[in-house]
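Visitor: What Swiss-Prot records for this protein is below:
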- Cys7-Cys30: disulfide bond (DISULFID)
- Cys13-Cys35: disulfide bond (DISULFID)
- Cys17-Cys37: disulfide bond (DISULFID)
- Lys29: site 'Basic residue of the functional dyad' (SITE)
Amino acid sequence: AGSMDSCSETGVCMKACSERIRQVENDNKCPAGECICTT
């Protein structure tokens, strides 16, 4: 398992999130190219 698609905590912006844990509607709160974690 790669650490790139795991989230350390909810609401954290990451460079790479797996589709099942990202919250697309909140990606705009993150820097460009990053996604927000929801788990």
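Backbone N, Cα and C define each Cβ position, glycine as well.
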Visitor: Counting only other Cβ atoms and using a 10 Å cut-off, which of the disulfide-bonded residues Cys7, Cys13, Cys17, Cys35 scores lowest?
Guide: Cys13
Visitor: Near Cys30 (disulfide bond), which residues of its own chain have a C-beta under 8 A away, given they sit six or more steps off in sequence?
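Guide: Cys13, Ile36 - these are the non-local Cβ neighbours of Cys30 (disulfide bond), listed in sequence order.
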Visitor: Using C-alpha atoms only, work out the spacing between Cys17 (disulfide bond) and Cys35 (disulfide bond) and round it to an integer in Å.
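Guide: Checking the Cα atoms of Cys17 (disulfide bond) and Cys35 (disulfide bond) gives a distance of 6 Å.
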Visitor: I'd like the number of other C-beta atoms within 10 A of the C-beta of Lys29 (site 'Basic residue of the functional dyad'), please.
Guide: 12
Visitor: Between C-alpha atoms, which of these recorded positions comes nearest to Cys7 (disulfide bond): Lys29, Cys35, Cys37?
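Guide: Out of the listed candidates, the nearest Cα belongs to Cys37.
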